[in-house]
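This report concerns only the one structure given below.
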Amino acid sequence: MAHFEEVSKQSDLHPKPAGLVLQYGTAGFRTSANKLDHIMFRMGLLATLRSKKTKATIGVMVTASHNPEEDNGVKLIDPMGEMLTSSWEDYATQLANTEQDELLTTLKDIIKKEAIDMSREANVFVGKDTRSSSASLSQAVLDGVKALGGHSNDYGLVTTPQLHYMVCCQNTQGKYGEATVEGYYRKLSQAFSQLAKNASNRTDDQKHLSVDGANGIGAIKVREMESHLKKHMQLSVFNDGSRGKLNHQCGADFVKVQQELPTGIKINPGDRCCSFDGDADRIVYYYTDSQGDFHLLDGDKIATLISTFLKELLNEAGLDLKIAVVQTAYANGSSTHYLEKTMKVIVKCTKTGVKHLHHAAQEFDIGVYFEANGHGTVLFSDGAEEKIQQLANDANINDERKKVAFLLQNTINIINQTVGDAISDMLLIEAILAIKGMTVQQWDAIYSDLPNRQLKVKVSDRRVIDTTDAERRAVTPAGLQEAIDDLVKKYQKARSFVRPSGTEDVVRVYAEADTQESADTLAHEVSLAVYGLAGGVGDEPKPLH
Ligand SMILES: CC(=O)N[C@H]1[C@@H](OP(=O)(O)O)O[C@H](CO)[C@@H](O)[C@@H]1O
Ligand SMILES: [Mg+2]
């Protein structure tokens with residue numbers, strides 16, 4: 001077929017460096033930008049096949065999220081705006097690693113295995129972040145789509161969640177919204193304005209929020225959105241990309257891991273601030289107190305705020321819907337304790353990686369899922385949305401319940417249910433704080449985090465560590481879990497676990513305990529155990545103090 005000749009011809013313009021092996025991991029492909037041209041072309045091919053197979057529009061986002069500017073990456077988006085199904089991740093890896101002269105064979109294998117009707121139309125939405133390499137890499141994706149005869153729509157600079165949103169809108173024939181960036185702003189800002197009406201007389205100070213845009217796409221997009229929010233919100237955007245480097249000493253990942261303010265932000269004690277990551281699918285909040293101490297409100301605090309709000313609304317509405325919070329092993333022990341014991345909501349723990357949380361959240365009427373690092377959203381089942389809709393349309397209910405139904409409807413509309421979304425999460429959090437008349441300090445005081453520490457250990461092959469129980473226990477290498485158990489016993493309220501990272505060539509160590517010093521010491525001791533038992537390379541881990 002003519003398309004295969006074209007693929008062959010075009011792929012020579014996007015050659016694979018011989019021997020290079022990459023894997024479609026937790027967040028797609030991610031590595032130095034200069035190794036990715038062939039990957040992008042081939043993901044254009046794969047997205048076209050996936051589109052033919054699903055008879056729907058597929059998304060391809062060029063970004064490396066919170067990684068340094070020099071890196072890049074690519075993630076595929078499935079028809080309902082969710083991440084690429086795991087069975088196709090293997091195809092992505094196969095296509096990425098097949099040598100130049102075998103490309104057509106691999107492609108034809110996939111077509112055969114999936115029984116893809118090549119005469120079908122294909123449609124692919126493409127987006128990119130602000131990295132300097134993203135322009136040529138997204139062109140390579142477009143070249144791949146074109147080579148296989150697919151149609152594409154290049155959305156240019158968008159946040160990752162905006163592209164997920166637009167894919168979902170397109171495939172639901174506009175039921176989820178209009179598949180444009182403007183449509184996204186309109187839907188979210190209308191819902192925000194409606195919710196903000198329920199907040200009593202807020203001062204300009206209360207409406208003010210400082211945003212660290214990580215010098216990335218989120219800064220551009222939040223500025224674009226500002227005019228839609230009119231008088232309801234007052235934003236100061238820092239790290240907007242006009243000077244600093246992407247993710248360098250700023251952004252959600254930096255703030256979460258370092259537990260300190262990003263550079264480039266000017267704030268007063270008590271000011272409410274938030275940081276996005278490099279593709280604006282994560283958000284964390286924070287403030288400093290009058291002593292200058294830094295206070296972080298991470299994904300766990302966000303999940304608690306949102307689930308408290310929703311639970312109260314459900315109670316007031318008299319709706320019997322099952323609400324659950326989904327976390328990972330990185331969730332602070334205090335948050336889990338508070339959610340289970342005080343709020344009495346179901347808490348589920350999954351493996352790291354948003355797709356795991358997303359799937360677990362789909363099993364409830366309302367599933368609130370957040371990774372501690374601030375990536376998360378809320379999912380409403382079709383049944384839950386219908387019940388809320390019915391209540392809102394019920395002519396026989398009193399004004400109070402009607403108002404609550406209306407609040408729930410607008411809460412659904414403000415949320416990007418396809419994926420974690422910094423902008424959408426920010427608007428929801430701002431609306432909740434406004435409606436509840438809550439300051440950031442009051443939100444922070446719902447429960448106190450246990451002091452914690454995250455470290456990385458370099459080993460020669462991180463796959464020697466195998467885990468179980470949602471990554472909370474190590475099965476191999478022999479003796480490691482026993483060593484961790486013995487160390488944990490020495491401290492109060494302590495917990496620690498280790499797992500191989502899915503995005504970096506390191507083993508991650510997490511520890512929490514009653515004091516920062518204990519958490520730091522425990523993390524260091526566990527790092528030494530990993531280094532000793534799992535083939536550590538380079539210098540032995542040094543104590544933090
Ligand atoms: C501890 C941590 O924050 N891990 C992150 C990180 O995964 P690792 O497998 O730990 O490298 O990147 C993932 C993708 O962005 C994100 O989902 C996850 O939460
Ligand atoms: Mg991200």
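Cβ coordinates are placed from backbone N, Cα and C, and glycine is handled just like the others.
Please treat TrEMBL annotations as automatic predictions, because they have not gone through curation.
Cross-referencing S65, S86, S496 against the Mg(2+) binding annotation in TrEMBL, which names D277, D279, D281, picks out S65.
For G502 (substrate binding site), the count of additional Cβ atoms within 10 Å of its Cβ stands at 15 [all protein chains shown]. Listed binding-site residues: E371, N373, P500, G502, R508. Those with a CB atom under 6 Å from ligand 2: none. Nearest Cα neighbour of P500 (substrate binding site) among the listed recorded positions (S65, D277, D279, D281): S65.
In terms of Cα spacing, the recorded positions S65, E371, G502, R508 that come within 10 Å of D277 (Mg(2+) binding site) are S65.
With DSSP states grouped into helix (H, G, I), strand (E, B) and coil, the domain 'Alpha-D-phosphohexomutase alpha/beta/alpha' (52-99) comes out at 15 helix, 13 strand, 20 coil.
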